[in-house]
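According to Swiss-Prot, the protein carries these features:
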ACT_SITE  R208  active site
ACT_SITE  E237  active site
ACT_SITE  H254  active site, proton donor
BINDING   S44, T65, Y258  substrate binding site
BINDING   D145, D232, G257  NAD(+) binding site
Amino acid sequence: MHIIADANMPGLEPFEAFATVERVDGRSLTREQLGDADVLLVRSVTRVDRALLAGSQVKFVGSATIGTDHVDLAYLSEAGIQFAHAPGCNARAVAEYVLQAVLLLCARQGREVQGARVAVVGLGNVGRRVADWLSALGMEVRGCDPLLDAQGYAGPVALAPLDDLLDADIITLHVPLTQSGEHATGHLLDASRLSRLGPGQMLINTCRGPVIDNLALSQQLASGTGPMTVLDVWETEPQVPATLYQQVVMGSPHIAGYSLEGKLKGTSMLYDAVCQWSGQGIASGTAMADAPPLNPAVNSEADLLALLQVAYRLEDDHRRLGESLHDTDPSAAFDRLRKHYPVRHELHYWQYDGSVDDTWRAIISRLFEPD
């Protein structure tokens, strides 16, 4: 079996027990490179469609991602090509990113997190975890997910139409990118909806850049009437508008889910899918080295933020992205930031044995519980 895989995917070694694995640059992959490959493993930077696959021998496509907007699923079905992806693989990493962003933004505003009103837009694997964690912080969480609502959702998060949630203190986006249908999410936050947000509010986007009209957002931020904003995703990435970067509180190069555990879990889910499809291979599993315990006390929001930053500092990614914009080729620099991203662990990699005030016990329990 011949497998072509994005070189930025870790944990590909188990495939080598039954296949030849060829690692390639996912963003620049061409049909000619596919050759006699049976399996193609990608990330979100590779557009998988008829133009790439027609005439190839590829019989299985796997994407180590939550979203599938980069894959033409209709074409794969038409061509009889099996498909698998990795829903929820990096949900914890994204939730940790959002939690840190919330704490940073609240600190900037001098606002306590407890009692703040949050709108979680999209209640998939990531959105549900974010909603649960922010609820554990004592925040008032409501959600928007019309597809889930139509299925008779009866979960712990109260649902409401998006337009009824635009007065929330914090709006965090966790939807797939879709450009058609009754509930399309392209420019879900368009100029009209953005105009209803003000500087006392906070906006976080970690799903897909085009979910927000970036030009309209930039114009509103320039006028001084826009919300405090954190963007991990950009409508024109890998090109990041320098003006918009300067306007947001924090920006990063589409890495919210870039924990080592999340990446390995995504690859492992594809490994299991390929094994099931091909009848080859054995159950996967990647052992992590034992990590030293963490024991700082958590008695305040500042303590919780400091604990999160043991694993990851959002400010570091903001700085690195800003530096990349001065490169002679900022788009290539954006990709390099992702390709050479520092190893980042999720908090549950460590064992926590510090003292915790009762106020923070629920969130600490969630952060360190095993998968």
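Backbone N, Cα and C define each Cβ position, glycine as well.
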*If we check Cα distances from T65 (substrate binding site), which of the recorded positions D232, E237, H254, G257 wins as closest?*
G257
*Under DSSP, is Y258 (substrate binding site) helix, strand or coil?*
coil
*Listed in sequence order, residues not in S44, T65, Y258 with Cβ within 8 Å of the centre of the substrate site Cβ atoms*: R43, V45, A64, I66, G67, N90, H254, G257, G266
*CA-CA, which of the recorded positions S44, D145, D232, E237 lies nearest H254 (active site, proton donor)?*
D232
*Relative to the Cβ position of H254 (active site, proton donor), how many further Cβ atoms are located within 10 Å?*
23
_Separation of alpha carbons, Y258 (substrate binding site) and R208 (active site) (Å)_ = 15
*Within the chain of S44 (substrate binding site), which residues six or more apart in sequence place their C-beta under 8 angstroms from its C-beta?*
S63, T65, G67, D69, H70, H254
*Compute the C-alpha separation of G257 (NAD(+) binding site) from E237 (active site), stating it in Å without decimals.*
16
*When you measure from the Cβ of E237 (active site), which residues in the chain that are at least 6 apart have a Cβ under 8 Å away?*
G209, P253, H254, F334
*Would you give the longest CA-CA distance, in whole angstrom, between residues of D145, D232, G257, the set recorded as binding NAD(+)?*
21
